[in-house]
Amino acid sequence: MKNTLIAPSVLAADFANLQRDIEMINASEADWFHIDIMDGVFVPNISFGMPVLEAIKRHATKTIDVHLMIVEPDKYISTFKKLGADILTVHIEACPHLHRTIQAIKAEGMKAGVSLNPHTSVDLLEDVINDIDMVLIMSVNPGFGGQSFIENTYAKVQKLKALIDKKGASTIIEIDGGVTNKNAAQLVEAGADVLVAGSYVFGAADPIATIADLKKITKI
Ligand code: DX5
Ligand code: ZN
(Lines of atoms letter the chains of each structure in order from A and count residues from 1; the text may use other names and numbers.)
(Lines give C-alpha, C1' and ligand atoms only; values in the text may rest on other atoms or scores of the structure.)
(Ligands and ions follow the chains in the order given, each with its own letter.)
Protein backbone atom coordinates (compact mmCIF):
# COMPACT_ATOMS: atom_id res chain seq x y z
CA MET A 1 0.00 0.00 0.00
CA LYS A 2 1.31 3.44 -0.92
CA ASN A 3 1.81 6.05 1.82
CA THR A 4 0.96 9.24 -0.06
CA LEU A 5 2.37 12.35 1.60
CA ILE A 6 0.02 15.23 2.41
CA ALA A 7 1.44 18.75 2.45
CA PRO A 8 -0.94 21.46 3.70
CA SER A 9 -0.20 24.82 2.07
CA VAL A 10 0.38 27.47 4.74
CA LEU A 11 -0.79 30.10 2.23
CA ALA A 12 -4.35 29.20 3.30
CA ALA A 13 -3.63 29.45 7.05
CA ASP A 14 -4.92 32.24 9.27
CA PHE A 15 -1.91 34.58 9.44
CA ALA A 16 -3.29 36.26 12.55
CA ASN A 17 -3.17 32.84 14.23
CA LEU A 18 -0.15 31.37 12.50
CA GLN A 19 1.33 29.62 15.54
CA ARG A 20 -2.04 27.97 16.25
CA ASP A 21 -2.34 26.74 12.66
CA ILE A 22 1.27 25.48 12.57
CA GLU A 23 0.69 23.55 15.79
CA MET A 24 -2.51 22.14 14.34
CA ILE A 25 -0.53 20.74 11.37
CA ASN A 26 2.14 19.41 13.78
CA ALA A 27 -0.58 17.49 15.63
CA SER A 28 -2.22 16.16 12.46
CA GLU A 29 -1.34 13.25 10.16
CA ALA A 30 0.10 15.71 7.61
CA ASP A 31 3.63 14.95 6.43
CA TRP A 32 5.04 18.28 5.23
CA PHE A 33 4.52 22.03 5.47
CA HIS A 34 4.14 23.49 1.95
CA ILE A 35 5.41 27.08 1.84
CA ASP A 36 4.52 29.28 -1.16
CA ILE A 37 6.89 32.17 -1.83
CA MET A 38 5.57 34.60 -4.49
CA ASP A 39 7.31 37.72 -5.74
CA GLY A 40 4.64 39.59 -7.70
CA VAL A 41 6.79 39.25 -10.84
CA PHE A 42 6.86 35.57 -11.76
CA VAL A 43 3.25 35.33 -10.55
CA PRO A 44 0.67 38.11 -10.21
CA ASN A 45 0.59 37.93 -6.41
CA ILE A 46 2.87 38.47 -3.40
CA SER A 47 2.55 35.98 -0.55
CA PHE A 48 5.08 36.29 2.25
CA GLY A 49 8.84 36.27 2.64
CA MET A 50 11.76 35.47 4.88
CA PRO A 51 10.58 36.78 8.29
CA VAL A 52 7.35 34.79 8.01
CA LEU A 53 9.16 31.61 7.04
CA GLU A 54 11.54 32.16 9.94
CA ALA A 55 8.52 32.36 12.27
CA ILE A 56 6.93 29.24 10.77
CA LYS A 57 10.18 27.30 11.19
CA ARG A 58 10.32 28.22 14.88
CA HIS A 59 7.14 26.18 15.50
CA ALA A 60 7.00 23.59 12.69
CA THR A 61 8.11 20.05 13.53
CA LYS A 62 7.75 18.55 10.03
CA THR A 63 9.57 18.74 6.70
CA ILE A 64 9.63 22.25 5.20
CA ASP A 65 8.75 22.10 1.48
CA VAL A 66 9.41 25.50 -0.10
CA HIS A 67 7.83 26.34 -3.48
CA LEU A 68 9.51 29.37 -5.02
CA MET A 69 7.32 31.26 -7.49
CA ILE A 70 9.95 33.92 -8.10
CA VAL A 71 12.28 35.08 -10.86
CA GLU A 72 16.02 34.55 -10.39
CA PRO A 73 15.66 31.93 -7.63
CA ASP A 74 19.43 31.25 -7.71
CA LYS A 75 19.97 34.45 -5.71
CA TYR A 76 18.14 33.03 -2.68
CA ILE A 77 19.16 29.35 -2.52
CA SER A 78 21.49 29.71 0.46
CA THR A 79 19.03 32.03 2.21
CA PHE A 80 16.28 29.40 2.08
CA LYS A 81 18.67 26.77 3.37
CA LYS A 82 19.42 29.01 6.38
CA LEU A 83 15.68 29.55 6.89
CA GLY A 84 15.21 25.79 7.27
CA ALA A 85 14.02 24.56 3.88
CA ASP A 86 14.40 20.80 3.44
CA ILE A 87 13.13 20.75 -0.14
CA LEU A 88 13.53 23.74 -2.45
CA THR A 89 11.46 23.83 -5.63
CA VAL A 90 12.05 26.26 -8.48
CA HIS A 91 9.97 26.84 -11.61
CA ILE A 92 11.45 25.61 -14.88
CA GLU A 93 9.98 28.73 -16.53
CA ALA A 94 12.17 30.92 -14.28
CA CYS A 95 15.44 28.98 -14.76
CA PRO A 96 17.43 29.43 -17.98
CA HIS A 97 20.22 27.31 -16.45
CA LEU A 98 18.11 24.70 -14.72
CA HIS A 99 20.86 22.08 -14.38
CA ARG A 100 23.10 24.58 -12.59
CA THR A 101 20.26 25.66 -10.30
CA ILE A 102 19.49 22.04 -9.34
CA GLN A 103 23.15 21.40 -8.52
CA ALA A 104 23.30 24.58 -6.39
CA ILE A 105 20.25 23.48 -4.36
CA LYS A 106 21.77 20.04 -3.75
CA ALA A 107 25.16 21.55 -2.85
CA GLU A 108 23.38 23.34 0.01
CA GLY A 109 22.16 19.97 1.30
CA MET A 110 18.53 20.38 0.26
CA LYS A 111 16.38 18.18 -1.97
CA ALA A 112 15.87 19.79 -5.38
CA GLY A 113 12.39 20.19 -6.85
CA VAL A 114 11.36 21.51 -10.27
CA SER A 115 7.87 22.83 -10.91
CA LEU A 116 5.98 22.95 -14.20
CA ASN A 117 3.19 25.40 -14.99
CA PRO A 118 0.05 23.90 -16.58
CA HIS A 119 1.23 24.76 -20.12
CA THR A 120 4.75 23.35 -19.68
CA SER A 121 5.40 19.87 -21.09
CA VAL A 122 7.04 17.16 -18.99
CA ASP A 123 9.16 16.40 -22.10
CA LEU A 124 11.40 19.32 -21.08
CA LEU A 125 12.61 17.25 -18.12
CA GLU A 126 13.97 14.38 -20.21
CA ASP A 127 17.62 15.39 -19.81
CA VAL A 128 17.52 16.36 -16.13
CA ILE A 129 15.01 13.96 -14.57
CA ASN A 130 17.75 11.82 -12.99
CA ASP A 131 19.11 14.91 -11.20
CA ILE A 132 15.77 15.99 -9.72
CA ASP A 133 14.46 14.74 -6.36
CA MET A 134 10.90 15.95 -6.99
CA VAL A 135 8.76 17.33 -9.80
CA LEU A 136 5.93 19.62 -8.73
CA ILE A 137 3.11 19.64 -11.28
CA MET A 138 0.94 22.73 -11.00
CA SER A 139 -2.70 21.69 -11.30
CA VAL A 140 -3.77 25.37 -11.33
CA ASN A 141 -2.00 28.47 -12.63
CA PRO A 142 0.37 29.50 -9.84
CA GLY A 143 -0.30 32.63 -7.82
CA PHE A 144 -3.45 32.00 -5.82
CA GLY A 145 -5.05 29.45 -3.56
CA GLY A 146 -8.64 28.31 -3.99
CA GLN A 147 -8.67 27.82 -7.79
CA SER A 148 -10.29 24.95 -9.69
CA PHE A 149 -8.27 21.84 -10.49
CA ILE A 150 -7.21 21.45 -14.16
CA GLU A 151 -8.37 18.02 -15.40
CA ASN A 152 -5.46 17.57 -17.85
CA THR A 153 -3.25 17.03 -14.78
CA TYR A 154 -4.05 13.29 -14.61
CA ALA A 155 -2.65 12.68 -18.11
CA LYS A 156 0.36 14.85 -17.32
CA VAL A 157 1.16 12.89 -14.17
CA GLN A 158 0.91 9.60 -16.10
CA LYS A 159 3.27 10.94 -18.75
CA LEU A 160 5.76 12.12 -16.13
CA LYS A 161 5.57 8.79 -14.29
CA ALA A 162 6.34 6.99 -17.57
CA LEU A 163 9.36 9.26 -18.13
CA ILE A 164 10.64 8.62 -14.59
CA ASP A 165 10.28 4.84 -15.06
CA LYS A 166 11.87 4.90 -18.52
CA LYS A 167 14.89 6.77 -17.15
CA GLY A 168 15.15 4.64 -13.99
CA ALA A 169 14.93 7.81 -11.87
CA SER A 170 13.81 7.93 -8.23
CA THR A 171 12.11 11.33 -8.62
CA ILE A 172 8.85 11.77 -6.72
CA ILE A 173 5.79 13.64 -8.04
CA GLU A 174 4.00 16.41 -6.11
CA ILE A 175 0.69 17.95 -7.19
CA ASP A 176 -0.27 21.49 -6.23
CA GLY A 177 -3.55 23.32 -6.73
CA GLY A 178 -7.22 22.50 -6.29
CA VAL A 179 -6.58 19.18 -4.52
CA THR A 180 -9.63 17.79 -2.68
CA ASN A 181 -11.13 14.43 -1.75
CA LYS A 182 -12.68 14.41 -5.25
CA ASN A 183 -9.37 14.12 -7.14
CA ALA A 184 -6.85 12.82 -4.56
CA ALA A 185 -7.21 9.08 -5.20
CA GLN A 186 -7.18 9.48 -8.99
CA LEU A 187 -4.00 11.58 -8.75
CA VAL A 188 -2.28 8.86 -6.74
CA GLU A 189 -3.45 6.21 -9.22
CA ALA A 190 -1.88 8.32 -11.99
CA GLY A 191 1.46 8.36 -10.12
CA ALA A 192 1.42 11.21 -7.57
CA ASP A 193 3.44 10.77 -4.36
CA VAL A 194 2.76 14.09 -2.57
CA LEU A 195 -0.46 16.14 -2.56
CA VAL A 196 -0.47 19.80 -1.57
CA ALA A 197 -3.80 21.06 -0.21
CA GLY A 198 -4.43 24.62 0.91
CA SER A 199 -7.99 25.89 1.01
CA TYR A 200 -9.44 22.36 1.17
CA VAL A 201 -7.62 21.74 4.48
CA PHE A 202 -7.64 25.17 6.14
CA GLY A 203 -11.16 26.00 4.91
CA ALA A 204 -12.60 22.82 6.41
CA ALA A 205 -14.63 22.84 9.60
CA ASP A 206 -12.27 20.16 10.96
CA PRO A 207 -8.84 20.40 9.25
CA ILE A 208 -7.35 17.52 11.30
CA ALA A 209 -10.13 15.16 10.18
CA THR A 210 -9.82 16.43 6.59
CA ILE A 211 -6.09 15.62 6.58
CA ALA A 212 -6.79 12.17 8.09
CA ASP A 213 -9.38 11.56 5.36
CA LEU A 214 -6.91 12.57 2.61
CA LYS A 215 -4.34 10.17 4.09
CA LYS A 216 -6.90 7.38 4.14
CA ILE A 217 -8.30 7.80 0.63
CA THR A 218 -4.81 7.99 -0.88
CA LYS A 219 -3.60 4.71 0.63
CA ILE A 220 -4.16 2.68 -2.52
C1 DX5 B 1 -0.66 28.27 -5.79
C2 DX5 B 1 0.17 27.65 -4.71
C3 DX5 B 1 -0.51 26.55 -4.00
C4 DX5 B 1 -1.75 26.96 -3.27
C5 DX5 B 1 -2.67 25.79 -3.28
O6 DX5 B 1 0.12 29.09 -6.56
O7 DX5 B 1 1.37 27.14 -5.24
O8 DX5 B 1 0.37 25.85 -3.13
O9 DX5 B 1 -1.50 27.34 -1.93
O10 DX5 B 1 -3.89 26.18 -2.77
P11 DX5 B 1 -5.24 25.37 -3.02
O12 DX5 B 1 -5.02 24.00 -2.44
O13 DX5 B 1 -6.24 26.18 -2.28
O14 DX5 B 1 -5.46 25.32 -4.50
ZN1 ZN C 1 2.62 25.76 -3.93
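Quick reminder: no glycine exception, Cβ is built from N, Cα and C everywhere.
Owing to the predicted nature of the structure, the values given are computational and were not obtained by experimental measurement.
Database features (TrEMBL):
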ACT_SITE  D36  active site, proton acceptor
ACT_SITE  D176  active site, proton donor
BINDING   S9, H67, G143, F144, G145, G146, D176, G177, G178, G198, S199  substrate binding site
BINDING   H34, D36, H67, D176  divalent metal cation binding site
Taking Cα-Cα distance, which of the binding-site residues G143, G145, G178, S199 are within 10 Å of H67 (divalent metal cation binding site)?
none
Of S9, G143, G178, S199, i.e. the binding-site residues, those within 10 Å of the residue listed as 'active site, proton acceptor' when Cα atoms are compared
S9, G143
Here the Cα-Cα span from G178 (substrate binding site) to H34 (divalent metal cation binding site), rounded to a whole number of angstrom, reaches 14
Give the subset of the recorded positions G143, G145, D176, G178, S199 lying near ligand 2, defined as CB under 6 A from any of its atoms.
D176
Looking only at Cβ atoms, how many others are within 10 Å of the one on G145 (substrate binding site)?
20
Set of same-chain residues at least 6 away whose C-beta sits under 8 angstroms from G143 (substrate binding site)
M38, V43, P44, N45, M69
Close to H34 (divalent metal cation binding site), taking Cα pairs within 10 Å and only the binding-site residues S9, G145, S199, are S9
